[in-house]
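Taken from Swiss-Prot as is:
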| type | residues | note |
| --- | --- | --- |
| BINDING | D484, D490 | Mg(2+) binding site |
| DOMAIN | 551-610 | domain 'KH' |
| DOMAIN | 620-688 | domain 'S1 motif' |
Amino acid sequence: MTEHKVNVEFGGRTITIATGKWAKQASGAVVVSCGDTVVLVTAVATKSAREGQDFFPLTVNYQEKAYAGGKIPGGFFKREGRPSDNETLTSRFIDRPIRPLFPESFLNDTQIMATVVSADQDNDPGILAMIGASAALEVSDIPFLGPIAGVKVGRVDGQFVCNPTVEQLEKSDLEIVVAASRDAVIMVEGGAAEASEKDVLEAIFFGHAAVQPIIEAQTDLRKLAGVPKREVAATSVDEALKTRVKDLAYAGIKEAVRIVAKQERHNRIGEITAQTLETLLPEYEGRESEIKGFLGDFEYELVREHIIKDGYRIDGRDTTTIRPISIEVSMLPRAHGSALFTRGETQALVASTLGTSIDEQRIDSLYGETRKRFLLHYNFPPFSVGETSFRLAPGRREIGHGMLAERALERVVPKHEDFPYTIRIVSDILESNGSSSMATVCGGALAMMDAGVPIKAPVAGIAMGLIKEGEGIAILSDILGDEDHLGDMDFKVAGTEAGVTAIQMDIKITGVTREIMEKALLQARDGRLHILGKMNQAIAAPRTDLSPYAPRITTIWVKTDKIRDVIGSGGKNIRGITEATGVSIDIEDSGRINIASTSKEACDKAIKMIRDLTAEAEEGKLYMGTVKKVMDFGAFVEIFPGTDGLVHISELDTERVKNVTDVLNEGDKVLVKCIGIDKQGKIKLSRKEALGAVLPE
């Protein structure tokens, strides 16, 4: 097979998409490269759907090979193991924009695999993998309603930048990933430093315009190397069976979807389903999934019709009303900060814990090791939706929701120089009926304020929905779980009163327009301000005092050439301080020393020990020292730990001294005065000049 390539200029760099050389037995395979970053992306679909398959089984796996960064994996086995959080999140980034673009009747097992085989620090392999997923599907025989492309948008010095470098991202006040087709935006995810809704919208559509050349390049590649698409049979509908199901269940479902309580509503729909199956299965044996499909279609139709035509939702709210909110803080006595945030039937128990630099997370990536001092972990136990399941590690959804909430809050976390703590937020979802990640954002801000973290401003989050039927459009504030399931969009926005800190959009239709997104952003702002008002009533500002169970961190500075004196040979000195006081000590290369302890007395003792280790003698100053060694010509007196000076025999007394031992012996405490320091740093001390003097307090 001949190799085909297309090149496209993108953000001042050249992206190359090639096919026909690697992985030729896959349904579709491309190699996407930019600079020294190279990603292989393959797409494979089974020849037919499994028997009884009633959903689309798409899986996306993104993996960064250690050799791509010139590294050997750590650990005993020395090979790549379970996916990192970054790999999991990137897999989700790739999945979300392509999932709605497969034909509804295509239910074959489909797998996208993106493998990073070379990586530099300037070209994001995740973005190349997203482009590659679309391109691999385009050149394959798999039916796909693409192409799409992705871009990361930053803003440096007020100017939007495509796929910013690491250096540019450090200066950027905005970082948003946009996936789009020719006509519409399909997925958005990112964060910003309290950006206005207008700026966020501009960034999104800057990204939409930027990806158009890549979309065209994929079309060109398909013309060069694509194969004919598979025929997908339209789903056949048994109209007679559909009519029977409608006659039996439609009226009951119409009443059921207006029941406000989630469990009661689901129970009633479950009863209607059971009754319908009991009536029809004797006649239509083996067609249970088909009957359930019709029931689901009727529920979908009735919920959407009620919203579009009547302007009212499942629980009776109009499109802009937020569910009732209740908030408690400080419920957990031993947690450093805690909050219980309840919005309707969604409830999050959120706790914040303060730690030291020892508690920072160390992350090993292709580009080396980094450290992370702000962590947020989101847990979604099965009981929160009245279910049971076997739980081990957090799933992709939990990792994704946690990262979204973390991104929303990290922009208001104080800098390390101002608040030298590691901060961990844990959100346990106790009940869920929509928008649990946004409840986590609200609860996380409240828990940090309760812990005394001086955050820049409170942050609230809200999930928006969309119902689009023909020309009829309804944008919903604070959506329920069923509205998420039956709607066309899940659009989450978090931020402060000043602006947006995080955004995420997923859609089930082929795209949303600028007008819809603008209206959703402005409606989300109104909802966010309402929620912030409720949060302000619970706790208006961060507490001025930390929890008595939180470590107190005191910062002192020493000269950089004194760091080795604090540490000591083999860590002897610092180990001695921690053992004697029970404190935790972190020393930075700059000479900054953070001392953490729940006891002020222990902290003060540790500071004194460090000051003693790093103190320097000053000429003319008095010191209380200890005689360490007696010689014929004088005595060596230690004035600080590890620092001593010589009291010459002539400086022992105003009278002539014949033997040093007549005045001083080893172990004696003696008040001395520093009378000089020579060029070699040797200290000259005098007992004679200190006679009659009193050591200052």
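Using the three backbone atoms N, Cα and C, a Cβ is placed for every residue, glycine included.
Since we're looking at a predicted model, the values are computed, not measured.
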Neighbour-count leader, CB within 10 A, binding-site residues: D484, D490: D490
Three-class DSSP secondary structure - D490 (Mg(2+) binding site): strand
Model confidence over the domain 'KH' (551-610) (mean pLDDT, whole number): 91
Helix, strand or coil at D484 (Mg(2+) binding site) [DSSP, three-state]: helix
Tally of residues which DSSP labels helix, strand or coil - the domain 'KH' (551-610): 32 helix, 16 strand, 12 coil
